[in-house]
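Have a look at the structure below, then the notes.
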Amino acid sequence: MKLSMPRFDQAPVLVVGDVMLDRYWHGGTSRISPEAPVPVVKVDQIEDRPGGAANVALNIAALGAPASLIGVTGQDEAADSLANSLQAAGVRSVFQRIAHQPTIVKLRVMSRHQQLLRIDFEEPFATDPLSLGAEVDSLLEGVKVLVLSDYGKGALKNHQNLIQAARAKGIPVLADPKGKDFSIYRGASLITPNLSEFETIVGRCVDEAELVAKGLQLLQDLDLGALLVTRGEHGMTLLRVGQPALHLPARAREVFDVTGAGDTVISTLAAAIAAGEDLPHAVALANLAAGIVVGKLGTAAISAPELRRAIQREEGSERGVLGLEQLLLAIDDARAHNEKIVFTNGCFDILHAGHVTYLEQARAQGDRLIVAVNDDASVSRLKGPGRPINSVDRRMAVLAGLGAVDWVISFPEGTPENLLSQVKPDVLVKGGDYGIDQVVGADIVKGYGGTVKVLGLVENSSTTAIVEKIRKN
């Protein structure tokens, strides 16, 4: 399956469910308490992150999709912290604030990236929460996917009303289920239980075949569009009536913390489906996203640049010959990772040792090296009849095979000013013995605060000399 990055900016999603605040106390631990055999943590940092349904909405917004959230909180500082964090992330949130009801807070005491203790602050909701009929109908307008983020905390008690309201508008409903009764999700487009939650409903599955059989039966019993079972280190299994099971292996290189991994799965699914992706593609993207987020500490979101880079790595397109649109996206991702972009250009007709040394020196000026190559017509204008010896496709293929080179692109003009104006590299590098002001494009790069560097050429290394030697012999 070929993966590509969806247009998340045109994919509005509404999340309804249990919101909570994930609070972290970070500090050092160097002694045992004299009062009891427990470590003493000297707290030096307090960190708040949106959790539960709020983390789902945050993940959707981090991918660049418009995200709205409906939830229940208390009237306290934890609710204020949640609202401020979500507003800063661009999430439109509507909270039903209940007096004398604490906002759900999960407090984790951390030392040296290890969780020592978790303390939960929560009480059952005394009222009938989320009786927000008018608000839900209003927020459903223009929405392409509805997510029910159910943590079993009591905020969601009207699942069927929400599912039917969305279905009446033709809006897919995705649910992250909890509890021992999945019938409350009847008619949903997709539910995403983990293996433990799934087996709570259908019983233990001794093998994959039994999982598939029981999953297909559950689909029919509950009139579900699809079922995605997340299986930890065994990946994910997507089941649909009348379709073969789709098994995807886990993508995590190293599992550091699984907190919020389920939120990442359903948020990526929702954003991808809202962007028009088919379900198998959306599941593959969610699987890739989950593999990234479990390598982070605590409740965390995956950004669009992180997902795009993972897709490029998966498709083998993280490096190599790119078109302008692909190159600009790759540059955006690199800058999101604080990488310095270096640019150089030339004909590179017959690649020789001098070129290789020069390109290695150029790459050393930053983190990513772009090599812009004159196309065949411009080389002929610059070098005269009989040149180039090698076509532009072959020249770019050879350059792309060098370890020092990240991206290769061609340009039709004699000089690269037009390309420089669009790429805006941090460093422009040229080989030769002339001054910086003589470098073509130096004025453009210096104009936006970039750097221009001139590197010396390797002696007795020249494509022209090689061509003349071949002709004489």
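Each Cβ is built from the backbone N, Cα and C atoms, and glycine gets one as well.
These numbers come from a predicted model, not from an experiment.
The region 'Ribokinase' feature in Swiss-Prot is assigned to 1-318.
According to Swiss-Prot, the ATP binding site annotation covers N194, L195, S196, E197. A helical conformation is recorded for E197 (ATP binding site) in the three-state DSSP classification.
Marked as active site by Swiss-Prot: D263. Within 10 Å of the C-beta atom of D263 (active site) sit 30 other C-beta atoms, taking all shown protein chains into account. DSSP gives D263 (active site) a helix state.
Annotation comment: Swiss-Prot describes 343-473 as region 'Cytidylyltransferase'.
S196 (ATP binding site) and D263 (active site) are 16 Å apart (CA-CA, integer value). For L195 (ATP binding site), the same-chain residues lying six or more positions away in sequence with a CB closer than 8 A to its CB are V229, T230, R231, G232, H234. Using the Cβ center of N194, L195, S196, E197 for ATP, the list of other same-chain residues with Cβ within 8 Å runs, in sequence order, P193, F198, E199, T200, V229, T230, R231. In terms of DSSP helix, strand and coil, the region 'Cytidylyltransferase' (343-473) has 54 helix, 26 strand, 51 coil.
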